[in-house]
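Written out below as structure tokens is the structure these notes cover.
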Amino acid sequence: MEPVDPELEPWNHPGSQPKTACNNCHCKVCCYHCVYCFTKKGLGISYGRKKRSQRRRTPQSNKSHQDPLPKQPLSQRLGDQTGQKEQKKTLES
């Protein structure tokens, strides 16, 4: 084992940093690449801000998940009494 220079910071000691850069691969070799990769990829620990979970929204295409109501004439929607009386007269005769 080589003697370490006491004036050198611990993160600059020889062998403290890997020779290759970290990547996004999650294979077994890359998970054990360095301590950071092990905690991030191997253990799945992230110390960043947590994203707020969003509510599930209805898709834009299906807003109500229901069939649209058939269009009715204005007189039937408002309950026009004259139209109903005429219909009753035709039914009676």
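Cβ atoms here come from the backbone N, Cα and C positions, even for glycine.
When Swiss-Prot records His33, Cys34, Cys37 as binding Zn(2+) 1, the matching candidate from Cys22, Cys25 it lists for that site is Cys22.
Across the fold, the C-alpha of Cys25 (Zn(2+) 2 binding site) and the C-alpha of Lys71 (ubiquitin cross-link) stand 57 Å from each other. Note: the CA-CA distance between Cys30 (Zn(2+) 2 binding site) and Lys71 (ubiquitin cross-link) rounds to 63 Å. Cα to Cα, Lys71 (ubiquitin cross-link) and Cys27 (Zn(2+) 2 binding site) are separated by 60 Å.
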